[in-house]
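**Student:** Handing you a structure now.
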Amino acid sequence: MTENLIGEAHRPGRIEVVCGSMFSGKTEELIRRMKRAKFAKQKVEIFKPALDTRYSEEDVVSHDQNSIRSTPIESSGSILLLASDIDVVGIDEAQFLDNGLVEVCNELANRGVRVIVAGLDMDYKGVPFGPIPALCAIADEVTKVHAICVKCGSVAYVSHRLVNNDKRVLLGEKDEYEPLCRECYQKAILNEKS
Ligand SMILES: [Zn+2]
C-alpha cells in the first residue's frame, strides 16, 4: 500500500519506538505522531502505566493543550482488551510496564495496528530499562531522541538523579533529574563517591 503525501495513510501493522533520556522530547514526539494519525482520520488512543500520575489521569498533556485521550493501565495485557478497534496505539512511559508488553506490541502489529511506544531507554544509572531494550530489538523503526547536557551543552546520554534515593521508579521532574552527557555524568558520579 502506498503512503499519501503526509505519510499517514493506513499502513500494515508496525512497531515504532521513540526512546531517550528524560527531557528529550519523547512524549512530544509520540503526541506529534498521534496527532498526524488523528488528522488522517485514524482511531488513536494512548495508554500509559497507571503509576504515572504526574499529569491528568485522562489525558496525555501536551504544551498546546491539544491533548489526546489516554487510558491508565495496570499491566500490558489490558492494552489488547482495550485497543480492539484502534488503528494507532500509543504507549507512553512504557519503561514502567511489564515485559509482557513486547508480546502485546507484536500481537497488535500482527493484527495490523500501528504501535508507537515511547519510553526511557535507560534508568538513572544507565541500565537498560524494563521492556524498552527488547522493544527496540523487535521494532520496525527506532528513534532515539536526546536531551541537552545541562553542564556543557552537548548531547545528553543519561538522566542523572539529583536526589539521594535508590528506588528505580521515582517519578520526577526538573528538580530530581538532570540530563548529562557521558563525560559530565562520569564526573558527577565521581564527585558523589568522594
Ligand atoms: Zn556534558
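Here the Cβ of each residue, glycine as well, is placed from N, Cα and C on the backbone.
TrEMBL: automatically predicted annotations, no manual curation.
From TrEMBL, here are the annotated features:
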type: ACT_SITE; residues: GLU93; note: active site, proton acceptor
type: BINDING; residues: GLY20, SER21, MET22, PHE23, SER24, GLY25, LYS26, THR27, ASP92, GLU93, ALA94, GLN95; note: ATP binding site
type: BINDING; residues: CYS149, CYS152, CYS181, CYS184; note: Zn(2+) binding site
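Give me the structural setting of these features: burial, nearby parts and distances.
**Tutor:** GLU93 (active site, proton acceptor) counts 22 other C-beta atoms within 10 Å of its own C-beta, drawing on all protein chains shown.
The Cβ of LYS26 (ATP binding site) lies under 8 Å from the Cβ of VAL18, CYS19, GLY20, ASP92, ALA118, GLY119, LEU120, VAL145, each of which sits 6+ residues away along the same chain.
Taking a C-beta cut-off of under 8 Å and a sequence gap of six or more, CYS181 (Zn(2+) binding site) has these contacts in its own chain: CYS149, LYS151, CYS152, SER154, VAL155, ALA156, TYR157.
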**Student:** Out of MET22, CYS152, which of the binding-site residues is least crowded by other Cβ atoms within 10 Å?
**Tutor:** CYS152
**Student:** Among all protein chains shown, how many Cβ atoms are found within 10 Å of the Cβ of CYS184 (Zn(2+) binding site), not counting that one?
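**Tutor:** Within a 10 Å radius of the Cβ of CYS184 (Zn(2+) binding site) lie 21 other Cβ atoms.
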**Student:** Tell me the coarse DSSP state (helix, strand, coil) of CYS181 (Zn(2+) binding site).
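**Tutor:** Coil, per DSSP.
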**Student:** For GLU93 (active site, proton acceptor), what is the secondary structure state per DSSP, taken as helix, strand or coil?
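**Tutor:** The three-state answer is coil.
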